[in-house]
């Protein structure tokens, strides 16, 4: 009977989705092929609207005013207007940054015309009297030229120009790079932030060159290394890679990198870090450079930096801004640029955490219809309710940044969950109804008041609309490309063919005169690279089971082979093992399997204050038509249950970082950690620790009848036999001269609290997870704990005399 009902439901679902697509009709939110094509075409029309108005009204200048409908140029009257002048160099920025979007659209005619304009109108030597930021010029202009050259010379691409192309884009890229290289002539090898394209460093006042951020100093590495591969001139790669490595060498002892430095001597201007502005692209290019160049050192940098972030910066819903030396929270805000990070996590294979972190930005979009440049998640208790709405967004503008749609793209490609199609649809609707202007797209100067911003930066054309288009264009050629393709931080696709690598290695080190001799090759890339070690988001066939439900309980993401000891956990598996279902395609996994979908609203209800102008706005995940179609609520009998949101925990949790003094004095740097599943097919895991030294531990205090963080009531029987007379609270760690620490309820016979470890170094434990700790050196002869740390006769760790019931001290 159930089988027949399942069959009928399956047929009904198919008729309710794919079937209605015939004849150019579709049921909204069925997300059938016809509907996706419709949204893809709408996105393309939005791009055409903005690009065509720029070309008609503003070209050859850099930008167009979307509301005033005229050209936007550099601020020649105010050289201190860095937000404008850093990116507008009088080099037709919107045209160059849009080249690869035209390529992604597959519009060979428009692409060819744009390449011809670059050849005809762009200053051939880039001898332009403009002081620009090296980083922004690199990612927008240099990266755009290099990527467009790849498209023009790759016979597998729709916009391949063949014999009609003379290599002009690569030639222009090299000329621009030559203008940028003097910025690296510092004592540290770390680049200065700005340069004058015509006059070099002499054209830039010294006060403009005192500080540079980590992302800007390190990240030209990707584009400059690509240029060396294509021109066979190593000077670009050598200068930029030295700078990248020099920046990484300035990290703290716990592998956290400050956001800002002096390029002259490397002195940090601050001692905090995060994943947003000023630091974001460092992590991005460590991972993407490892993939693109098959570079083991960059891979190691990514693993070390990501592990440090997970250990010290990771909170439940975002990565916090923390002190680089101790890991303490120092800045209680999130900036919109950090919305890119879930997409990078997908590329690294950490899909589970990426889904969780993406939700924070989804909730911000639900609240403001945008991502404010900065949002405070914690305000002083004295802040009154009337000023809280304004105080929660100290930087209230939204210039149509792409990071949220970028992460949505990566998550959809990895999961195929319609949840992310609904997110993309919401962004598309907002672009059409809230941001479309007469001559382009205008962001918001204030997300609370709704005040418009009469500017359309080039990344709207290069990134925001490109990623949105690619979400709906499921058959785009990029999605069937099995090479080492990655997107630059400006969303310019980059890849290296086997022939490119072979030619570079054969002629490495030749000088500039050989640039014009580079011939295009028709051989597709066959070189195996580090991409085989990470999650491929562009080839769903690599992970055929990616339409999987999110595990209810975190099992962590790091893994190791049995018996292996690591300095830090290894990278994620290519495809996580999760349960599969024959009817998963009938529902959204996020809607039907993730029980914390609305926890953010509860936790941050005092800060997620919807402006009056948006009070009638519906949360994107609760659109009635979408929810009814994809939540599976009407098929609960078939699935066996419905997803129910977890109630708010009534327990309290604490975090602590143990002293380095707990390490072995003879081997002060020795520590290892590994996480091993106890049995296949279960969520139970063991984390093994060699020492507690410098370990970050989160514990939950358990009491009878409380509701824990896993949504389970704590059974009072757990405490029934736990009296103080049975040795559970007795510290048997034999330490001469140490006084025992008495609990405040030491006179009581019945115990009413335990601790349970819930996370170790940022790795979340499932409800039945176990931590095993070696006895030595933590409880070695040279360790003095003053009774604050010990273990009982059940070998449970004691913290202040209270047992941690799932942290076991091993003799070995």
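Cβ atoms are placed via backbone N, Cα and C, with glycine included.
What TrEMBL says about this protein:
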{"type": "ACT_SITE", "residues": "136", "note": "active site, proton donor"}
{"type": "ACT_SITE", "residues": "280", "note": "active site"}
{"type": "ACT_SITE", "residues": "373", "note": "active site, proton donor"}
{"type": "ACT_SITE", "residues": "403", "note": "active site"}
{"type": "BINDING", "residues": "489", "note": "Ca(2+) binding site"}
{"type": "SIGNAL", "residues": "1-23", "note": "signal peptide"}
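Location within the structure of each feature annotated in TrEMBL.
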residue : record                    : Cβ within 10 Å
136     : active site, proton donor : 20
280     : active site               : 25
373     : active site, proton donor : 21
403     : active site               : 24
489     : Ca(2+) binding site       : 23
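Counting only the Cα atoms, the space from residue 373 (active site, proton donor) to residue 280 (active site) is about 14 angstrom. Here the Cα atom of residue 403 (active site) is found 10 Å from that of residue 489 (Ca(2+) binding site). For the recorded site, residue 373 (active site, proton donor), the DSSP three-state label reads coil.
Distance noted between the C-alpha atoms of residue 136 (active site, proton donor) and the residue listed as 'Ca(2+) binding site' is 10 Å. A helical conformation is recorded for residue 280 (active site) in the three-state DSSP classification. In this structure, residue 403 (active site) is part of a helix by DSSP.
Residue 489 (Ca(2+) binding site) sits 9 Å from residue 280 (active site), taking the Cα positions as reference.
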